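According to Swiss-Prot, the protein carries these features:
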BINDING   LYS14, THR173, ASP174  ATP binding site
BINDING   SER54, ASP141, ASN153  substrate binding site
DOMAIN    280-358  domain 'PUA'
Amino acid sequence: MRSIIADSKRLVVKVGSSLVTNDGKGLDHAAIGRWAAQIAALRAQGKEVVLVSSGAIAEGMQRLGWSKRPREIDELQAAAAVGQMGLAQVYESRFTEHDIRTAQILLTHADLADRERYLNARSTLLTLLRLGVVPIINENDTVVTDEIKFGDNDTLGALVANLIEGDALIILTDQSGLFTADPRKDPNATLVAEASAGAPDLEAMAGGAGSSLGRGGMLTKILAAKRAAHSGANTVIASGRETDVLVRLAAGEAIGTQLIARTARMAARKQWMADHLQVRGHVVIDAGAVEKLTAGGKSLLPIGVIGVQGAFARGEVIACVGPDGREVARGLTNYSSAETKLIHRKPSGEIETVLGYMLEPELIHRDNLVLV
């Protein structure tokens, strides 16, 4: 089996905290130097690389003399602010050895949820790649809150891959890839060499092997691959402990787990809606509505809604959940949660009678709806 990275031109590489730090005791300068050397080798082959790197909080903890990761958000943000300086300095120093310029970009979910800022971020990243610069991206932990954080850099890597229409996402971790079961507990567990991104059985295989320094377990990587597939990007999950892993992947060697994007690529606007806008509420829809959305490509009408959960305003994203509790779609609602509670289970012709007005006959128009 040949690595999908060999034929990929635009790559997003995500490295976790354990691969750039000395077990949380500050940054591992030698390791970062090796990543810079490998990315320089990929650049020499004509590949474009965006690096998503953890490590700021771990470096900040070292500089502040903290042995344990703090729990309070203000202390985490302080550690990130202190550590980000060191992270940027080390990367710049190491890439300069290869005559490569770097750029630091810090993002929050709010940056990508705003359509104008999303397009500006995309334009900036593409310009940096055109100029031969390696963008180094991290979540802006200094200002982020629970409501607007990505949650982990695996998710951030997938969203960046979608943002720049990358060919592949490489998630480097301290694990060898995805196994059929936890290899630490099951001696019969085997490595999954290749599968379709988003395949239902993958989530069942994924364990929660997150460390105390980082936030991402295997499940977040599986979900990241599913998201990256929205723009047609394939994903490789591999061990960053493998010698020259990036160079070997680029040479065609199959390492770790390959998750192939086999679903149709989403239109750019729908991709943005699916991945970057936060869900504000849920509507439960009946089996007939599920069929019309998933097989018929229809809009969601109020008559198909049997329940409303959460508080949302007109124009916000809501999830559409079937009778079995499974999310089938999400989209921009034409009515608030209060209005939806009044008009659900009613035909569109009765909306004006109930509300005194009718904004639209659909709760979610098909042009503003994405299947998930």
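Cβ atoms are placed via backbone N, Cα and C, with glycine included.
In the three-state DSSP scheme, THR173 (ATP binding site) falls into the strand class. Considering only the binding-site residues SER54, ASP141, ASN153, the residues lying within 10 A of LYS14 (ATP binding site) on a C-alpha to C-alpha basis are SER54, ASN153. Around SER54 (substrate binding site), taking its Cβ as the centre, 27 other Cβ atoms fall within 10 Å, counting all chains. Measuring Cα to Cα from ASP174 (ATP binding site), none of the binding-site residues SER54, ASP141, ASN153 fall within 10 Å. Between the two most distant C-alpha atoms of the annotated ATP binders (LYS14, THR173, ASP174) there are 12 Å.
Secondary structure at ASN153 (substrate binding site), as computed by DSSP, is helix. When averaged over the domain 'PUA' (280-358), pLDDT in the model lands at 96. For the pair ASP141 (substrate binding site) and THR173 (ATP binding site), the C-alpha distance works out to 21 angstrom. A straight line from the CA of THR173 (ATP binding site) to the CA of SER54 (substrate binding site) spans 11 Å. Other Cβ atoms within 10 Å of the Cβ of THR173 (ATP binding site), summed over all protein chains shown, number 25. Annotation: ASP141 carries the greatest number of neighbouring Cβ atoms among the binding-site residues ASP141, ASP174 [cut-off 10 Å, Cβ to Cβ].
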